[in-house]
Structure formats: structure tokens, C-alpha cells
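For reference, Swiss-Prot has these:
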type	residues	note
BINDING	CYS60, CYS63, CYS66, CYS109	[4Fe-4S] cluster 1 binding site
BINDING	CYS70, CYS99, CYS102, CYS105	[4Fe-4S] cluster 2 binding site
DOMAIN	50-80	domain '4Fe-4S ferredoxin-type 1'
DOMAIN	90-119	domain '4Fe-4S ferredoxin-type 2'
Amino acid sequence: MTVKEIIIGFLLQIRSILMVFKNIFSKSETKMYPEEKLYLSPRYRGRVILTRNIDGGERCVACNLCAVVCPVDCISLQKSEKKNGRWYPKFFRINFSRCIFCGLCEEACPTAAIQLMPDFELSDFNRQNLVYEKEDLLISGPGKYPDYDFYRFSGVVIKDKKVDKLEGQLKPVNVKDLLP
């Protein structure tokens, strides 16, 4: 070993010690997770929920678009029909052990029934506990879009209501008037 190599090695050791002392007194970037929550942006894609209309009914019309667009096939549902002609899901099931939280189901939903909330604490030791049914997903409020009502904007007539007496709702669109 030459004197030059010894001096370079000594200076490298001094530089390493100075870097350690510099970082000892700087603020730590690590968050103490359970006690100190992380900031999540408003567009964070977390747990999937099902929302309700303004009147308290289910928004989901069982169109099956969410299940079709899901890349990992974690959504399953079965359509049923009410007496007034509206569709609703007889069962709605999401397997969160397969879900990749891509948000495609939220984008595909025409009724804004499916929404992603900023909940990310879904871990469990048993995989069967990560299969959520409709009762687990359905919340009591309208979620992110409180004023949105699918049937008001789509102009679909409900069997029990007369077209003349739609209170505060748009009349149904006559599709034949739209033809060229």
C-alpha cells in the first residue's frame, strides 16, 4: 500500500463519519404508521363501496359493466328486477384478495354506485374474510356524488309514474326524434 492509498482511505472514512453525523440531526422521513396516519390524496384508490340514491335506494342497476371491465375478475353479481321495473343486484360480491384497486369499475359504472374510498387497511389472515358481500359494501349515503341520480339524468320512465307528473325530473328522451 502506498501513502496515497492510505490517505485516500482515511479521507473516505472521515467523509463517511461526517455523513453519519449530518444525518443524525436531520428530521426523519419515517412515519410511525399506526399512530401517525399518512396523507392520502383525494384521488387515492382504496376500498370499493356501493352507494345509495338521494331517496335511500340502491344506485346499482346490475348492468354488469363493472364485472366485465375488471381485469382480475374479482367482481360478481346477479341481476334481479323489482316490481316497478328497476334492476338491482340480487347479490354483489367483491374478492379483495384479488382486487388490484385499478379503479376501472368506478369509471365503468353509469350510476356512480361504485366508488373507491381512501381506506387501505384491508389485510387479514383468512382469505375468506376478504370476500365482501353487498351488505358489507353498501353505505348509507351517496358518497362522492350526492346530487347525482341516474334515473333523473337518463330519462328512464318508471312503471308506476306517469310521464306528465314527473316532479322535478326531466321527461324521457324520445329516441326517434334524435334520428337524422
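Note: Cβ is positioned from N, Cα and C throughout, glycine not excepted.
Overlay of Swiss-Prot annotations on the structure.
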residue: CYS60; record: [4Fe-4S] cluster 1 binding site; CB count, 10 Å: 25
residue: CYS63; record: [4Fe-4S] cluster 1 binding site; CB count, 10 Å: 17
residue: CYS66; record: [4Fe-4S] cluster 1 binding site; CB count, 10 Å: 25
residue: CYS70; record: [4Fe-4S] cluster 2 binding site; CB count, 10 Å: 19
residue: CYS99; record: [4Fe-4S] cluster 2 binding site; CB count, 10 Å: 18
residue: CYS102; record: [4Fe-4S] cluster 2 binding site; CB count, 10 Å: 14
residue: CYS105; record: [4Fe-4S] cluster 2 binding site; CB count, 10 Å: 24
residue: CYS109; record: [4Fe-4S] cluster 1 binding site; CB count, 10 Å: 21
Check the DSSP secondary structure of CYS66 ([4Fe-4S] cluster 1 binding site), expressed as helix, strand or coil. helix
Can you see whether DSSP assigns CYS105 ([4Fe-4S] cluster 2 binding site) to helix, strand or coil? helix
For CYS109 ([4Fe-4S] cluster 1 binding site), the one of CYS70, CYS99, CYS102 that lies nearest, given that the binding-site residues are compared by Cα: CYS70
In whole Å, note down how far the CA of CYS66 ([4Fe-4S] cluster 1 binding site) lies from the CA of CYS99 ([4Fe-4S] cluster 2 binding site). 12
On average, what pLDDT score does this prediction assign to the domain '4Fe-4S ferredoxin-type 1' (50-80)? 92
Applying the rule Cβ within 8 Å of the centroid of the Cβ atoms of CYS70, CYS99, CYS102, CYS105, what extra residues of the same chain belong around the [4Fe-4S] cluster 2 site? VAL48, CYS66, VAL69, PRO71, VAL72, CYS74, ILE75, ILE100, PHE101, GLY103, LEU104
If you measure from the Cα of CYS102 ([4Fe-4S] cluster 2 binding site), which of the binding-site residues CYS60, CYS63, CYS66 is the nearest? CYS66
What are the other residues, in sequence order, whose C-beta lies within 8 angstroms of the center of the C-beta atoms of CYS60, CYS63, CYS66, CYS109 at the [4Fe-4S] cluster 1 site? VAL61, ALA62, ASN64, LEU65, LEU77, CYS105, ALA108, PRO110, THR111, ALA113, ILE114
